[in-house]
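To start, the structure under review is shown below, and the notes come after it.
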Amino acid sequence: MAQNKTDLLAVLAVVKKYNLKATEELLKKEAGLADIPENVAGEAEVNSVLAAYKSEGDPDIYENSYIELRKFVEDSLDIYKHELALILYPVLVHMYIELVYNSHEVQAKKLITKFGPEQEYYYQDELAKLAMVTKRDEMSGNDITDTFKSNAFTIRISRDTLSLLKRHLHEKKASVILNIVNEHMYFDLYEGVARNKAQCDATSGAMTGEAKRQDNKIKVYYGLLKEPDVQTLVAAPPEEDDDEDAPDKPKKKKPKKDPLFSKKSKSDPNAPPLDRIPLPKLKDVDKMEKIKALRESTKRVNLGPDLLPSICMYTLLNANHTVTCADLSEDSSLLSVGFADSAIKVWSMTPMKLREMKTAEQLKEIDRDAEDVLIRMLDDRKAETCRTFLGHSGPIYRTSFAPDRTMLLSCSEDCTIRLWSLHTWTCVVIYKGHQYPVWDVRFSPHGHYFVSCSHDKTARLWSTDSHQPLRIFAGHLSDVDVCIFHPNSNYVATGSSDRTVRLWDVCVGAHHRLLTGHKAPIYSLAFSMCGRYLASGSADHRVLIWDLAHGHLIAALTGHTASIHSICFSRDGTIVATGGLDCALKLWDFTKLVDDISGENVNVSHNPDVRDGEPYLLRTFPTKQSPFLTLHFTRRNLLLGVGMYELGV
């Protein structure tokens with residue numbers, strides 16, 4: 001108690017010395033030192049207090065403290081060792097930052113050179129970048145130092161393990177490490193047995209540690225929206241079918257068709273309310289398209305381990321180092337390809353050519369009340385099999401077709417997003433908002449809205465009728481490389497170079513799921529047909545399957561030998577197809593995986609055991625030398641792949 005009072009008096013003397021009267025009065029009042037006489041703390045006391053802080057910054061203490069901590073972790077019981085080992089990396093990083101900040105460059109370099117290589121392989125890139133920061137001036141604006149200074153490193157840890165750690169630090173009086181632990185680390189405590197090595201590895205790897213359990217507690221409405229009622233329009237098309245098949249019995253076919261549409265209208269208990277976000281009203285044309293899609297779904301091949309999909313591979317020749325992306329429309333009728341020279345090409349995948357809208361003079365002559373007015377507006381004489389869009393001033397990184405195939409989105413290195421009309425074949429809007437290259441852009445399954453993501457560490461929600469973003473999703477600590485809408489359009493998933501996947505609520509703009517487990521940047525995402533599961537592909541050569549209901553990692557599909565840039569679920573949700581830069585396409589049995597996990601109890605304290613993907617691999621299809629740009633299942637479950645032939649792959 002006496003020592004504390006001496007320290008306070010010494011601090012008071014320093015405050016008085018620099019004439020900080022307001023601070024002096026406040027300190028006196030809060031510490032109950034109102035009646036202290038003048039000059040009670042001498043120069044010696046002040047120097048002793050300051051010397052104590054100075055000794056904590058002694059550069060030689062850091063290396064010894066780290067060695068002691070490492071020895072403590074290695075000598076711990078196996079049950080605690082794996083969780084304790086998680087603190088070594090953040091402690092090393094903060095020690096390095098403190099040494100550089102206090103101008104002890106030599107000791108900092110020695111520390112990171114000696115202990116850096118023994119950290120996990122997925123931290124080596126960051127440590128290499130950190131080692132390039134050798135002076136205090138270089139720290140400002142550096143991504144890694146900024147991230148560690150402004151974000152606590154999260155470690156999920158059992159109460160017993162944390163008690164063991166704190167007892168050790170207090171016994172050894174390891175003030176350097178104690179300060180780092182208290183100021184820069186967050187322990188997500190749980191009751192129960194400490195995790196084993198496999199469980200720790202499953203969710204580690206992100207820049208700032210693991211996700212807190214609190215991050216994944218909010219309810220997610222992952223169910224699908226109730227399908228709109230299209231039965232009023234069903235009457236006409238069946239009559240046409242009846243003329244061909246059974247003209248004398250037109251009424252008997254209606255009851256057979258009706259169940260097809262009424263099945264879809266059942267409400268999902270996990271679905272969001274229909275009015276949760278404003279969605280565009282369906283026009284008659286859109287309803288007819290839905291009817292067509294539902295009819296095609298009745299002719300769909302039901303896939304499974306004994307009935308794998310037929311695969312059609314489109315290879316782009318003479319495109320080495322020039323093609324950057326590819327996309328197929330929902331009905332598989334259009335293909336768009338983006339190029340490094342800023343051009344976009346659109347091809348028709350059907351015998352119907354790409355027609356252009358007639359001139360204004362010709363449009364005046366059209367009967368507006370005609371049923372086929374939209375067809376009459378298009379000029380057959382100007383039809384072509386391929387169209388080119390020019391306008392961007394940098395490489396194209398992604399294109400995306402609108403659900404109704406009337407528009408195309410594109411994003412580029414030039415920091416802009418462009419909306420192109422597939423009727424007039426011109427650019428109709430330029431969306432400016434991102435400050436850096438835009439890596440991805442995707443339309444909502446319901447149209448009207450779209451999402452983009454960029455090198456500026458944000459994703460943004462837009463609507464086609466506004467040139468300003470409706471939401472800015474900020475929270476990632478590095479490039480946001482990929483984004484995708486949930487099938488119900490209420491959520492957006494993003495994957496980042498900070499090695500995390502986040503699920504954002506478009507309604508409130510906050511993230512409702514933070515998913516950690518990847519060991520490298522994430523380049524592809526896909527939602528399951530039911531909306532509950534999310535698959536993410538990464539440069540760590542793995543596809544991870546997440547359960548959005550609880551935010552748990554349930555399976556790791558391994559086998560690829562390069563980055564995975566395309567993932568696609570079959571239309572009946574039974575198979576996952578993955579395509580990588582290793583020129584291989586793999587098919588996985590998703591139905592079996594879901595059946596296997598459905599019987600498990602969910603452990604609330606930590607992630608359940610992650611299933612290995614090997615038992616679920618159905619088949620691998622290699623291409624000769626064509627890495628995959630995109631994969632797409634047609635409405636009838638034919639699998640389409642697009643890749644470019646590369647020399648020397």
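In case you wondered, yes, glycine gets a Cβ from its N, Cα and C as well.
Since the structure is predicted, the reported quantities are computational estimates derived from the model, not experimental observations.
Residues or ranges marked as compositional bias 'Basic and acidic residues' in TrEMBL: 257-267.
Taken from TrEMBL, the feature domain 'TFIID subunit TAF5 NTD2' covers 56-185.
According to TrEMBL, the region 'Disordered' annotation covers 234-279.
The repeat 'WD' annotation in TrEMBL covers 316-357 (among others). For the repeat 'WD' (316-357), the mean pLDDT of the prediction comes to 90.
Among the features that TrEMBL reports, repeat 'WD' is placed at 389-424 (among others). Across the repeat 'WD' (389-424), DSSP assigns 0 helix, 19 strand, 17 coil.
The repeat 'WD' feature in TrEMBL is assigned to 431-472 (among others).
Look at TrEMBL and you will find 473-506 (among others) tagged as repeat 'WD'.
Here the repeat 'WD' (515-556) has Cβ contacts under 8 Å with residues 121-122, 202-206, 209-211, 215-216, 220, 222-224, 270, 478-479, 481-484, 486-488, 493-497, 499-503, 562-573, 576, 578, 580, 582, 588, 590, 593-594, 597, 602, 607-608, 610-613, 616 of the same chain, all six or more residues outside its ends. What TrEMBL lists as repeat 'WD' is 515-556 (among others).
Under the heading repeat 'WD', TrEMBL lists 557-589 (among others). Counting same-chain residues at least six beyond the ends of the repeat 'WD' (557-589), those with a Cβ under 8 angstroms from any Cβ of the stretch are 297, 300, 302-305, 308-309, 311, 520, 523-530, 535-539, 541-545, 612-614, 616-637, 639, 641, 643, 649.
Under DSSP, the residues of the repeat 'WD' (473-506) split into helix, strand and coil as follows: 0 helix, 20 strand, 14 coil. Across the repeat 'WD' (431-472), DSSP helix (H, G, I), strand (E, B) and coil residues number 0 helix, 22 strand, 20 coil. In terms of DSSP secondary structure, the repeat 'WD' (515-556) contains 0 helix, 25 strand, 17 coil.
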